[in-house]
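Enquirer: First the structure, which I've put down as structure tokens, then a few questions once you've had a look.
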Amino acid sequence: MHPLLSKCQSVVDRLIEKSNCKTTHDALRLNHYVWLALISIPLSIIFIIKNFFAGNYSIAAVVVMLMGSMIASLFFITKVKRPSMVYHATNCLFLVMLVLVSIWGDKSEGQILWSYMYPVLSIFLFGNRLGVQWSVLLLVALLVSLVMNGNIDLAQSIEFEIRFSIIYLTILSVTSWLEYYRNRYTDEAIRQRKTLEKERENLEQEIDRRIQLETKLKRLANHDSLTELYNRRHFLSRATEEIHRAQRHDLPATMALIDIDKFKEVNDTYGHPIGDAVLKSFAKLCKQSLRQTDIAGRIGGEEFAILLLHAPAEHARLAMDRFRQQVSEYPFQFEGLQLNITISIGLSAIDDNTVNVDQLYAAADSALYRAKDTGRNRVEIGRGPIQK
């Protein structure tokens, strides 16, 4: 679009935004009216100058009134509740102008032929029903003026009146037919756009739902449903990746296997719901105590595993011993019941002989069993016990 036309359209859009148009069709009619007004102003100026120098002062005066009313309407059309009232008022002035032009105009130039453009403009502005009504009204008014005004040479020619009426009605019919199909395809396009927007909205919702479902399924596949820690499979998978990375970059890492002491007695004495609550509380305490770089998972039952990254054996021992003591002092409270539990921990750090995660896990598991066999509530690393 030409820059000048773009600027004009932006002005039209601002007027529409400030108006009281309630529907798309109302906004479209207002758009048509403003564009007709903008186009008619320079044409009216040319028409006024031409008739003024031709001595048709009455016609020039009528056109000045019409142009002034159209300019004024652009300023207050946004303030009226029904913009259609402005359309009809301006249209009435335009009808009067066309009739007066046909009566007062220069007979040799066929001023009445200007009326041929009216069906196009009226249907363009008002639509088929009102546009046809206004166009027929103008035709009747013009024919009456031709018959009643004996000073007009054309009034003496019945043949001209018939020819004029046929051409006028032909223009009216063609314009009405084009407007009908324009409205039909416009309405169909609007319906299709709304349908597409609805389908796009539904598609976006379905995509969001599937993304959320995929995220949920992925979490369910990788996490233990009770404690929300990694499950055994995903923990070992992550541990394998991190151990390989640590070996490539020569970084320390230690695996800790944790077992809740005498957990079977908790289940047997207080029931499985209390046992599940203990596991959930322990997992929460575990997550609170770990660093962000550490990886924790539930291996099964009351057994948990932690991979402490960037932690050599001695640092891991100190950290796990603090955690063991924290657990032993933590009051686990459920429905008025308070329990104190202890944990046993087995540690195994990667070294030059570590081949894979299974070997590291087996060494930590062996250390865990030594911790349980030697009194529980303790930390064991490698082959040497670490006292409380």
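Glycine too: its Cβ is placed from the backbone N, Cα and C atoms.
Sharing the record's features from TrEMBL:
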- 33-53: transmembrane segment (TRANSMEM)
- 59-78: transmembrane segment (TRANSMEM)
- 85-105: transmembrane segment (TRANSMEM)
- 134-152: transmembrane segment (TRANSMEM)
- 164-181: transmembrane segment (TRANSMEM)
- 182-223: coiled coil (COILED)
- 251-384: domain 'GGDEF' (DOMAIN)
Enquirer: Looking only at the coiled coil (182-223), what is the model's average confidence as pLDDT?
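Expert: Computed over the coiled coil (182-223), the mean pLDDT is 89 on the 0 to 100 scale.
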Enquirer: What residues in the same chain, six or more past the boundaries of the transmembrane segment (85-105), come closer than 8 Å to it by Cβ-Cβ distance?
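Expert: Non-local partners: 29, 33, 37, 56, 58-59, 62-63, 65-66, 69-70, 73, 76-77, 111-112, 114-115, 118, 121-122, 125-126, 134, 137-138, 141-142, 145-146, 149, 152.
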Enquirer: What parts of the chain pack near the coiled coil (182-223), using Cβ distances under 8 Å and only residues at least 6 beyond its ends?
Expert: 24, 127-128, 229-231, 233-234
